[in-house]
Each structure stands twice: as C-alpha cells, then as structure tokens.
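S.K.: Before I ask anything, here is the structure I am working with.
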Amino acid sequence: MNVLEQFKQLDNMPEQYKTMDRDELEARARAVKEQLGRRLFIPGHHYQKDEVIQFADATGDSLQLAQLAAKNNEAEYIVFCGVHFMAETADILTSEEQTVILPDLRAGCSMADMADVFQVERAWAALTDRFGETILPLVYVNSTAAIKAFVGRNGGATVTSSNAQKMVAWAFSQKERIFFLPDQHLGRNTAYALGVGLDEMAVWDPYEETLQGNGDFDKVKVILWKGHCSVHENFNVRQIEHIRQTKPETKVIVHPECSWDVVQQADYAGSTKYIIETIRNASPGSRWAIGTEMNLVNRLMHEHPDKEIISLNPYMCPCLTMNRIDLPHFVWALESLSEGTVVNRITVPKEVAFEAKLALERMLALA
C-alpha cells in the first residue's frame, strides 16, 4: 500500500454525508448540539471554515484554545475544529474521562511534520555535545506530542505566537542559548524583537545534520530548526512593495510565521488574536492588507465592511489541512456521538502526555 492509499484510508466517513446539502447538515449539527448539551464542547481555531466555525462554543488562537482545554473539566466530549496537534494538546490537558475527537484525521500540519522526535533527539545530542548544558529547548505548539514531551523532559516549554516574546525572554533567564523549533521564522522574528542579532542566530538543518549561519557559532544565542509554515511562506516583500506603490494608504499586518524580511517591511506583526483585535479597533474607512490564512482574512472582510481589507497575497488559498474539517465530517463526528459511537478519537500515550504536559504547563503558568 502506497502513502496516498494509506492517507485515503484515514477518511472513513460514510458516503451519505458527502451528498447532503448544507441546510440538512446544519440542521443535523444543531440537533446534536441540543441533544448533548453541556456534555459536548466544540473549540474552533480562527483558521477554520465559516461553515464549521459557526457551531464552535469558543474560538481562539492556539494559546486561547490550550487555555480553554486546560480549564474545561465538564464536557464529556470535545470535538476539536482545528488540526491534529491541537487535538493532541487538548487530550494532554484534559482528564482521562474526557474524549477528544478530530472530525477528519487528515487534518494535520505541514510545519509540525517538518520535525520528528528522532531528528530532534539527534540534533539535541549534537548541539549539547558542542555547547554543553547551555541550551534550553522551546517548541512552538505547532508540533507533535512526542516533541513536546522531549522539550518537557529537557526543562523547556511550549510557545505560541501570542506569547513567544514572553517565553523566549523566560528561556533566556534559564540558559544562555535557545533551541527553537520547528518554525524558524517565528523563532527568528521573536528573538530579533528582543534584541538578538541575526549574526547571533544559526539554523539547524535536520537533513544535513549541520548548523548553518554566517556568524561565529561560539557566539550563537538562538538555534533555529529549519522548518516553516507552508501558508505564511507565500507572503513576500514584493507583495508589500506592490501595496506601497498601488495603495499607499493601506497598512500591512502579518503573522510572525512570515519570513523576517516580510515582518520587517510590514507595519504590524502579531498572532491571529493580535490581527483580529487590531482590525476590530481600527478606524472606519481604514485600509488593510493582511498576511495570514485566507479563511480568517475572508471572515475579517465580512465582519468589518466599514474597512477595506484585502489579502497581502491576491492568489492566496486557505490552509489545506485546516480545510479538511468541513461540515460533512463535522456532522458525521457529532451524529456518531449521538448514536453512542466515538470516531476519530485522539489519544496521546500516558508516558508521552506526562512529559508533554510539563512543557505546556510551564507555558500556561506564565501566560
């Protein structure tokens, strides 16, 4: 069986849901929500489709959703409208009596897949051999539970785009150097904002198993994993220059998963929560070019018709893995619960969850 066939087998939704029209699907979703009541909790990430996010009991960015999962001790079922690592995080932070479900198991994250724990352990061995015990690992929540466990085991913590500066500052209070993974751009942008020079950063290439950079490696303060977000890689300086030339009154706001060059050229940079709040608080008639996932950009356009909002990249498409959570899969997961069947349960092994929770709790204690 090839990889494509294995991937297709992850989707075992009955055919009947694929042929239902939207009105029927929405009616069925409402019926199950009413039936299960407080036994059901539906968190939704800002990048989710409107057809799904309308049923969310709470929406947020990665930090907000982690906090919600940690505080929720009432719901029996948590149907997570996000991607795999978010559902894993929810399972880690909730009790054994609670069940976490991901409507479509194909909803992964390409960035999280750019680092596996075996690569990370080899990198750590090489880096600690060179730098000794002067390094602390920090991992973006966009990562597997196994890597979070590795970080927790080695005294580190998780970070989100909302609290990255606070967490990097904390890490520097613990050790001289930081090993930041898997998103090199968030790590670089955050460290630079805190005064770390580009010549004080280096990149670890997991395939070459080498440290890469232009500075003196003995003076390196931040070691970045060579990973990135496939969505935010599609924003570039040329797009900003085009906005400056054709729409000079337009402000550019981007997510810190964008490259350093893009963040430096933008007017504002911050998490999804920051972007949402900035647009919400902006003056009527203001003009904005937003560099982040398209579902969120489209939602902001709809919610703020008094402002001129466009995507920084006119050819941008939504995050393909976030888009896996669609209305048919969502309703199938809900109706299965109403019939007493759990589909697509996300379960993190206890020994992994224990150490991963250490990394998450260190972050949440500072949040």
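The backbone N, Cα and C atoms fix where each Cβ goes, glycine too.
What Swiss-Prot records for HIS45, SER62, TYR140, VAL141, ASN142, SER161, HIS255, PRO256, GLU257, THR272 is iminosuccinate binding site, and it gives sequence analysis as the kind of evidence. The [4Fe-4S] cluster binding site feature in Swiss-Prot is assigned to CYS109, CYS229, CYS319; the stated evidence is sequence analysis.
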S.K.: Neighbourhood of the [4Fe-4S] cluster site (CYS109, CYS229, CYS319): other residues with Cβ within 8 Å of the Cβ centroid, in order?
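M.R.: Leaving out the recorded residues gives TYR47, VAL83, SER110, MET111, ASN142, SER230, VAL231, HIS232, GLU293, THR321, MET322.
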S.K.: Give me the Cα-Cα distance between HIS45 (iminosuccinate binding site) and CYS319 ([4Fe-4S] cluster binding site), rounded to a whole Å.
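M.R.: The Cα atom of HIS45 (iminosuccinate binding site) is 12 Å away from the Cα atom of CYS319 ([4Fe-4S] cluster binding site).
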S.K.: Compare the Cα of HIS255 (iminosuccinate binding site) against each of the binding-site residues CYS109, CYS229, CYS319 and report the nearest.
M.R.: CYS229
S.K.: Using the alpha carbons only, what distance in Å do you get between TYR140 (iminosuccinate binding site) and CYS229 ([4Fe-4S] cluster binding site) once rounded?
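M.R.: Taking the Cα atoms only, TYR140 (iminosuccinate binding site) lies 12 Å from CYS229 ([4Fe-4S] cluster binding site).
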S.K.: Looking only at C-alpha atoms, tell me how far CYS229 ([4Fe-4S] cluster binding site) is from GLU257 (iminosuccinate binding site), rounded to the nearest Å.
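M.R.: The separation of the Cα atoms works out to 7 Å.
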S.K.: List the residues of the same chain that sit at least 6 positions away from CYS109 ([4Fe-4S] cluster binding site) in sequence and have their Cβ under 8 Å from its Cβ, in sequence order, or write 'none'.
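M.R.: Set apart from CYS109 ([4Fe-4S] cluster binding site) by at least 6 residues yet with Cβ under 8 Å, we have VAL83, HIS84, PHE85, ASN142, THR321.
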S.K.: Tally every other Cβ atom lying within 10 Å of the Cβ atom of TYR140 (iminosuccinate binding site).
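M.R.: A 10 Å sphere around the Cβ of TYR140 (iminosuccinate binding site) contains 28 other Cβ atoms.
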S.K.: If H, G and I count as helix, E and B as strand, and all else as coil, what does DSSP give for HIS45 (iminosuccinate binding site)?
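M.R.: Where HIS45 (iminosuccinate binding site) sits, the three-state DSSP reduction gives strand.
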S.K.: If you count Cβ atoms within 10 Å of the Cβ of ASN142 (iminosuccinate binding site), leaving out that atom itself, what do you get?
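M.R.: A count of 27.
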S.K.: May I ask which residues of the same chain, at least 6 positions away in sequence, place their Cβ under 8 angstroms from the Cβ of GLU257 (iminosuccinate binding site)?
M.R.: MET111, SER161, ASP183, HIS185, LEU186, HIS228, CYS229, VAL231, HIS232
S.K.: What span in Å does the iminosuccinate site cover, taken as the longest CA to CA distance among HIS45, SER62, TYR140, VAL141, ASN142, SER161, HIS255, PRO256, GLU257, THR272?
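M.R.: Max span of the iminosuccinate binding residues, Cα based, is 17 Å.
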S.K.: Return one of helix, strand or coil for TYR140 (iminosuccinate binding site), based on DSSP.
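M.R.: In the DSSP reduction, TYR140 (iminosuccinate binding site) maps to strand.
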